[in-house]
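**Student:** What TrEMBL lists as compositional bias 'Basic and acidic residues' is 102-114. As annotated by TrEMBL, domain 'BHLH' applies to 23-75. If you look up TrEMBL, you'll see 86-114 marked as region 'Disordered'.
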Amino acid sequence: RLKRRPSHCELDLAEGHQPQKVARRVFTNSRERWRQQNVNGAFAELRKLLPTHPPDRKLSKNEVLRLAMKYIGFLVRLLRDQAAALAAGPTPPGPRKRPVHRVPDDDARRGSGR
């Protein structure tokens, strides 16, 4: 059976540190753990809303933020284009093309092909 290592607080108390300081550190660490879990949960929720390829690809926090900005920009342009089309009135009859909507990626913007 393995013995667990003593926590920092137990070491501090054993070394004679003041219990108030140890308690404050425990509280601060707990609050930071809660904050980090909260941030990670928010990223997980945002990650679910972003289209990715493949769909189950896990994005880093940096990728989530960058893709979210691109996706929001794409949606804004899409709404603006739809509003302009509605303001222009009905289109004349003829063959209708279905628009293809996709979020541009960094490679396409830089001009490098896949």
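Including glycine, each Cβ sits where the backbone N, Cα and C put it.
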**Student:** So what's the average pLDDT for the domain 'BHLH' (23-75)?
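**Tutor:** Summarising the domain 'BHLH' (23-75) by its mean pLDDT gives 94.
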**Student:** For the domain 'BHLH' (23-75), jot down how many residues DSSP puts in helix, in strand and in coil.
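**Tutor:** Across the domain 'BHLH' (23-75), DSSP assigns the residues as follows: 42 helix, 0 strand, 11 coil.
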